[in-house]
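Enquirer: The transmembrane segment annotation in TrEMBL covers B:12-32, B:67-86, B:93-115, B:150-176, B:207-225, B:237-253, B:258-277, B:283-306.
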């Protein structure tokens, strides 16, 4: 590095290398993180970002390479070493004991003596001070399990600060947050930077990188491919670096004539197995030639709504009409019956209900349509016909590797999703319901999947997309419904929707209140 | 009044004596499970404790070496469990059952080989046993009606280990709730990755939990052989380890409630003994087994969710593996 003067960087990695068996997760990584910066690390899923940070935090050990902290070579064998060096991490899945109070969680590992009482008084005072300084107010005596996710994340940050974090690593911190909560988080991060602390932000969301970082490093397939000052780069350039080629610019949806109503729900109410009402009095109408997006923070009833509309779960009240006919209440309301009428479904949790993980891709490619005569020979399934069918799907939908005999679990998330989408679209369903179309899918795959959904719309079919990614909803939808706590908070057209308004509705604020 | 006391005092005294091994073992299970290690091997560890205590006391003619031997034997077995469950990440229930089976066979075999008395150890003389302690002033207070007798034969007149077990209840509660060790131990049983990322060793905490459990099981076994009884007999723990497990669950993994549950189970046992041979008009001999089955029934009813929820430590039974 050609900068001899000035203070040494807070963190410097040289030639960090890590393998997990055959997977080369980190390939001779170099990284310089300057003190008092917010440094972003972007990359697709599986690019090796989290592994690199876990090495820095001592959760994993690098196979080779050196770590320098403030210019001195550091040996980080476990989290204790990292903490001693002032390196703290907020994990994607919180490291909080849910049945402990906030105070107990903050003290864990930094109790300040064999008895808790003295340390507790100090921690309490320190929490109050940190809360006031950074806007991280949390009741120290609240149980963590009673706190909303945003507050739990604040506890994680407080925990790190209480231990004297000089370098704070955040791994995909906004995945579980509403846009407002994310804005609050960014305010906190900026305040930390202004105090001279260093923040490392791992994310795959370019919007966040552009909004908050000073400098950004891009990883692709285990390698560090570029470092940029945020001010001198663009989302397009970063996206290109992440996937190694240029991204298609998001185009406005081409206009389509209003088709007939193909799916309609009135006053729908759905309970989960525990008897909790997860969908409350929901109405929706879906026409041919449109994509209806359902936005919401995960777990606000979208999953149960999808299950009811696809016939997997019986609603407790309401009516569902499919292509003009009432299917619920009525006899034979089930998933198989609706499929026969022309409903396709890409489930939210593809590993659990979308494919046969331990079986071949060819088997997954006929799942739900196993009785189709195309691959039945005298009451038995024909392996040859199944393989030929899967090979055709893989060709048409660019599933890689195109190996029908390969176990479904061995494909990447994006390729699994393309296989499932191919299976459903191939039958040209009148109505296609898609849950989290691109969860865990990398950017290349996202584009391909979005194009497929838009093509289905262009063919005059109806598509319903449930997604927790607002950008995705905005990119795909003609109309948008927002769900919060089982209710549909309101409807927006794509033209009038913006992320702020959507975020407020996702948090349960109705459009009138928001105005 | 005196007649009521004549019946009540012996039953209550027996309740305390019968509850003591349950309480020691249930607290043992508490420390182990709060650290995240399920311990169905309480029974086996108590059994080797009982044998080691009786054998050592019989040879040395003194009870204290017996207790030490009991603790050592129990810890040895406990460390086998810990190594299998923590270091090798094996199944905790399978390991616990293996310990029970080993203990049952090993003690009987060793007793036969060493003492040749059909799997027993020699009956222990008074010096090699825990004897009831007379509290100071019991004689002076003997003439005070009611209270004098309660003081002499219920509060006093118990062996040292009874007092120790009772004392361990507040001590355990304090350690778990108010100390650094307790906080970390509980966290290891709830969310071990949180402990790990806080820079604390999960394995060491879990070993510590199992070690404490082993010490307590050893004492419980010594109590059965040298305080309650006077020597070792084959399989003499007779399911107390499992009852203690039930008491721990029924007590919601909390020391205070575990004490109450153990006293309840002790009382049921004492009543059952008292009613042994009693004849009920119209029914015949009193069905003592019905009372003895109650602890198990209560536990099943609780686990089925009829009496509020029993919430175990969230990570108990699960080996800690860094995810990948």
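Placed from the backbone N, Cα and C atoms, the Cβ positions cover glycine too.
I'd like to know what surrounds each of these features in this structure.
Expert: Packing against the transmembrane segment (B:12-32) from elsewhere in the chain are residues 38-39, 42, 45-46, 153-154, 157-159, 161-162, 165-166, 168-169, 172, 185, 209-210, 212-217, 219-221, 223-224, 227-228, 240-241, 243-245, 247-248, 251, 253-255, 258-259, 261-263, 265-267, 269-270, 273-274: each is 6 or more residues past its ends and has a CB under 8 Å from a CB in it.
Proximity of distant same-chain residues to the transmembrane segment (B:93-115), defined by a Cβ-Cβ separation under 8 Å and at least 6 residues beyond the stretch ends, is recorded for 38-41, 43-45, 47-48, 50-51, 55, 58, 77, 80-81, 84-85, 121-122, 232, 234-235, 241, 317.
Remote same-chain partners of the transmembrane segment (B:150-176), defined as residues 6 or more beyond its termini with a Cβ less than 8 Å from a stretch Cβ, comprise 5, 9, 12-13, 16-17, 19-20, 23-24, 27, 30-31, 34, 130-135, 137-138, 141-142, 144, 182, 185-186, 216, 219, 222-223, 227, 254-256, 258-259.
Same-chain neighbours of the transmembrane segment (B:237-253): 21-26, 28-30, 33-34, 39-47, 50, 100, 217, 220-221, 224, 259-262, 265, 295-296, 298-299, 302-303, 310-313, counting only residues six or more beyond its ends whose CB sits under 8 Å from a CB of the stretch.
Counting same-chain residues at least six beyond the ends of the transmembrane segment (B:258-277), those with a Cβ under 8 angstroms from any Cβ of the stretch are 10-12, 14-20, 22-23, 26-27, 30, 166, 169, 243-244, 246-248, 250-252, 285-286, 288, 291-292, 294-295.
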